[in-house]
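Okay, structure first, notes after.
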């Protein structure tokens, strides 16, 4: 209440910001006459002038008014488009590191050129991020003439791009690309073996198009580079056979304590729970087929992977639905993005879910992957010195943008007042009744001559509605994940008179629907068009445009409410662009998922008590309020999940920064000798402590054990007993110093035999190899820790604090293992020739080159015990060769029988891949020690 009173007096924060920016716009406009008077050559020279002024200390803020005026004039001369004042405000917003909410059709692409031009003056690079390769290439080509005129070069990055071309794209003043590609390049850059192989420059300024889609909808999307793990396809196929005989509870809430059912599903959170009866049935089946011993349980430490297979299979059969969450295309399970309706070829759900769905659909079951490097969009984009974004719908998520990314949202006024009319929702008892209501509405709109866009939430809904329209003889086009290749053609004419287009959620499609249709699409297939023919086509289009305007513009029909208000607003925003007329209305039924799961019983009972017929609808404020409350609950739940993820990922992110920083230091450091000597001292000290405890007397010493360990681990024969016999005064401190100095002297001799340059090369090789290997193992351990950490809550412990504590301990152990292995390898390796060293580098690069792009879709919400909601969020994976490296070939025996097992106590399945990266099963490697 107080904030409303204050706002009415001094204006809202958004109003105050707009008022401040209007003053800057006045300064920009004041330059217009002067800039217009310049010749093309003089206008182009302004860029070099700005660069010189900036290098001499003038800030970009100070340059902004004149630079924006120059960019606006250049745009008018090159493209015939002049930035409106509201677009100038948007450009200021982006430059200041904020989010500009600008409605559909208001010119976000043109607006972005202002901030991109200004920030490119610094020479540090500007990244424009889009949601797909098509938009990146389209926008780059669209703006290349403008930036070229101003002396700026433009680059585009894409998957599978030749290395030199990608480097050139990143060196450009302005670079376009997708969020996935920027993120993967960051991870790949931290797996190179030379600084020359890095592609990216330091991350300077970033503008994210459709920022809500990338930083909210995909916030829980880990970017992962992975290698292939053990093939478990037989197990997935086996578990798949038991799922049909498990009994699901019909009334999830009422039967949670009913032991007659085998499992139940919490649809609100998409979680599953198996009853005691269900566990017994599953265990009996696994015992019968020989996968479980008579006295074993699914909760036995070595059998937990089996339990994960079962849970994934139940979710595959009962949570993930064909033609809603995925389609089967050419023998492959392809995920459908619930927010956009697009298929995502190559993406895969993680943690066994995708394999379980493949088993369910009886297609080839592909192998799982092991993580080699990972980050999230949340943490990647926070690496930029300055981050900004633009979208048509951000204000509903303003609180999350501020708390997570420290980004303010500025709502930019429209150039023309919005003429679209948003009608009240119509609510029906049944889905069929709702579809009948939609068809009546379509027929009425068609009779007026207006175009209709029907938005559906799923492929299944679009096909059901299409079938009913066919039955009624209504011509229409369908745009969903199965017709994406016709997308441009369908959208181009979706604004034509009487056209009917059914589309799954249109978020992020990046194409405006023009009233009357897109006349330019008519001439794309014609080789040459005369000026007269061009004028005739334009005149025909103008007639159609005027007809549609007279009929009320584009009419939007939503076939159900989305869980997020933002997606609903994106659908509404397809109509009413740049002051055009339009209308929107949502049709709902009590059978819709949102209504069925979240709407209160009061609403359902009230509608049924009214005695409505199937095709009768009501419009009631209480129902609308109930829907808004339901959407608010879902948005709040998703926000909490993203916030929860960030708490855990921030721990991994801090460790990632340390490892990547050390890796860069290794690549940049010419002389590693001092670091190697310190490493030797630490490793030998730690080993000596095991056999000669600090402050101990000689009766407590295990000298024979120390001699054996030095021989086994480092191939060093030290006559410690002889030293003690020769010098009775040699105490613990003196002996320690002599041992370490002897080891260092021995290493100095080996370096002399190798040669300074060759020794430095070998040191860098072994340190990099050990760091990469143990970081990969550490990521696997962190993933295992995260999956089970929620169980600490049952012991009255804080899972988050426990995760931080244990992950730190794992990190310290990893650093110790890196040092120990590096010293071991350097001590045991035979002195290589120059040819062998060259072969090492070649093999390293070949291993890196084997990586292939693959995506995996997952939710990582299991910190709190939840199951995957992977239809909503995603997980991206790059699959690659995950070999154990080349050190083993040079270092002689890898594991000997006297080595302690570093993975003891970790409850690793004996048939699982050994965490050391040897590619052997655990029972054949460290597990047999």
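Glycine residues also receive a Cβ, built from the backbone N, Cα and C atoms like all the rest.
Features as listed in Swiss-Prot:
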BINDING   87, 105, 106, 107, 108, 109, 512  ATP binding site
BINDING   914, 916, 925, 926  Zn(2+) binding site
List every residue in the same chain as residue 512 (ATP binding site), at least 6 positions away in sequence, whose Cβ is under 8 Å from its Cβ. 104, 105, 577
List the other residues in this chain whose Cβ sits within 8 Å of the Cβ centroid of the ATP site residues 87, 105, 106, 107, 108, 109, 512, in sequence order. 102, 104, 110, 111
Of all the binding-site residues given, 87, 105, which has the fewest Cβ neighbours within 10 Å once its own Cβ is left out? 105
Can you count the other CB atoms that lie within 10 A of the CB of residue 106 (ATP binding site)? 26
For residue 108 (ATP binding site): intrachain residues, at least 6 apart, with Cβ closer than 8 Å: 90, 100, 102, 209, 390, 391, 392
For residue 109 (ATP binding site), the number of neighbouring Cβ atoms whose distance to its own Cβ is within 10 Å equals 17
